[in-house]
Amino acid sequence: MSAGTKVATTRNTRPLDGSTPSAPPPHLAPWQDDRAPADWPQAARLLYQSANELYRAADVLRTAEVASLDPDAPPLALVDPDDAETDDAGLDELLPAPEKASGGRKPMSPVTRRAIQAGVATGAALGLGEAVSTTHQYWATLAAYQVLGGSDGETFVKGAQRVAGTVVGAAVGFAVAIWTGADPAVIVPLLAVAVFASTYYRPVSPAVSNFWTTMLFALLYEFLGRLTTLALEIRVLETLFGAAVALLVAWLVLPTHTRTKLDKDIMKLLQDIEIVVVASLRELEGGTKISKKALEKRLLVINKDVRQVNATAAPLRRTPGALEVGGIEGQLTAVWSLTYYTRHLARAATRMLEAGTDLSSEDWARLRRTTSENISALHDALAGRLPRTVEEDLDFDSEYDPTGPPARAEDVVLRQVERIDQTLVVLIEIFAPGATGKDDAAQRAPL
């Protein structure tokens with residue numbers, strides 16, 4: 001039964017206000033949900049697509065309303081028209097199977113590595129803290145456990161923040177206690193503020209959270225009459241020793257360097273970007289139909305990958321040379337641009353499926369292969385291997401103008417593919433200088 005007939009049938013049951021129908025509704029012809037003819041103007045095709053989407057939404061709402069009022073109505077079976085007649089194969093199958101690591105050894109998982117590092121760090125901090133204080137050695141243990149990060153750079157940043165927060169918090173807490181004379185009318189409200197702020201800033205800023213925690217410690221000890229300069233000194237020393245132990249463990253015991261972890265995170269992002277690019281271009285060349293929901297879900301995964309890349313790169317953004325050409329800021333800008341162009345490519349390809357294209361399937365297949373090869377070359381550069389051939393010229397058709405505004409529906413897609421390729425070439429040149437083919441002629445020349 002067609003969608004239009006279904007609406008007419010449901011209207012024969014009972015009006016939405018519960019009254020008896022006065023007359024049968026007029027017969028409605030089945031809704032034609034086909035694609036607009038390719039020879040229509042682009043504006044007409046887009047208008048036709050919008051009318052189809054509006055009809056489908058109204059039909060679903062009408063059916064749901066009737067089903068909720070009529071107890072005899074059959075249960076709803078919601079089917080998204082965009083997901084109908086699509087290939088159920090996962091998007092991951094669009095890419096070739098990844099190469100297995102040589103040697104047959106499975107790499108240690110990050111969770112196992114962190115667990116081993118935490119065990120070594122807490123044990124060493126407990127022994128070192130015992131030499132400073134036999135009653136407060138747990139401060140060093142807590143600092144060593146909480147400072148450990150996913151890489152040596154993250155551990156260093158968290159350790160420095162924790163030490164700075166402890167020193168400043170101890171100084172402020174001691175000054176407030178002396179200035180107020182341990183007046184309960186001042187100390188008790190400040191204790192409440194310190195407890196709230198320490199908990200609130202814990203997932204946001206370790207330095208600020210530790211500042212309020214140390215201030216809480218100083219105020220509480222003063223309120224109990226046990227605040228001394230020796231207690232604050234022990235607190236600072238234990239925190240310093242714990243952070244130092246965590247940093248040494250991160251450097252010596254199963255180390256994970258920030259640059260290595262960042263390269264792996266970028267490779268994971270590239271894999272998801274390649275899936276979206278290949279899926280969009282393969283659909284344009286007339287291959288397997290891709291579910292819109294699956295594509296949108298993969299774009300959300302890309303957003304998650306970008307956040308992980310930003311978090312991993314945070315320690316490197318504080319190092320000297322971060323703003324130089326090819327530095328970490330330039331690398332992140334290129335990664336963000338690559339993600340931006342990929343999102344726009346997916347949306348432009350979806351719109352162009354409705355508008356039609358003048359390019360042949362062979363043209364789209366060639367663009368897909370070239371872009372995929374450039375992504376693979378960037379994978380090789382990040383993995384420390386010699387990149388394969390890099391294609392800088394995508395050889396677009398003669399009607400495409402890279403400098404002017406898009407004149408055709410496919411020009412929008414071609415513009416995004418061109419920018420993706422240019423960004424890939426920039427990243428390859430950053431991670432593997434000389435691999436983009438610019439100096440090939442000089443290298444092939446006889447000496």
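Every residue, even glycine, has its Cβ placed from backbone N, Cα and C.
Positions annotated as region 'Disordered' by TrEMBL: 1-37 (among others).
Annotation source TrEMBL lists region 'Disordered' at 80-110 (among others).
Per TrEMBL, compositional bias 'Acidic residues' is recorded for 80-91.
What TrEMBL lists as domain 'Integral membrane bound transporter' is 125-249. With helix defined as DSSP H, G or I and strand as E or B, the domain 'Integral membrane bound transporter' (125-249) counts 104 helix, 0 strand, 21 coil.
Panel annotation: around the transmembrane segment (168-201), residues 208-220, 222-223, 225, 227, 229, 232, 235-236 of the same chain, lying at least six beyond its termini, place a Cβ under 8 Å from a Cβ of the stretch. For 168-201 (among others), the entry in TrEMBL reads transmembrane segment.
Residues or ranges marked as transmembrane segment by TrEMBL: 207-224 (among others). Below 8 angstroms of C-beta separation, residues 161-162, 164-166, 168-170, 172-174, 176-177, 182, 184, 187-188, 190-191, 194-195, 197-199, 201, 231-232, 235, 239 of the same chain, each at least six residues beyond the ends of the transmembrane segment (207-224), sit close to that stretch.
The transmembrane segment annotation in TrEMBL covers 236-254 (among others). Residues of the same chain lying 6 or more positions beyond the ends of the transmembrane segment (236-254) and with a Cβ under 8 Å from any Cβ of it are 108, 113, 116-117, 120-121, 124-125, 128-129, 132-133, 136-137, 139-145, 147-149, 151-152, 155-156, 158-160, 162-163, 166-167, 170, 210.
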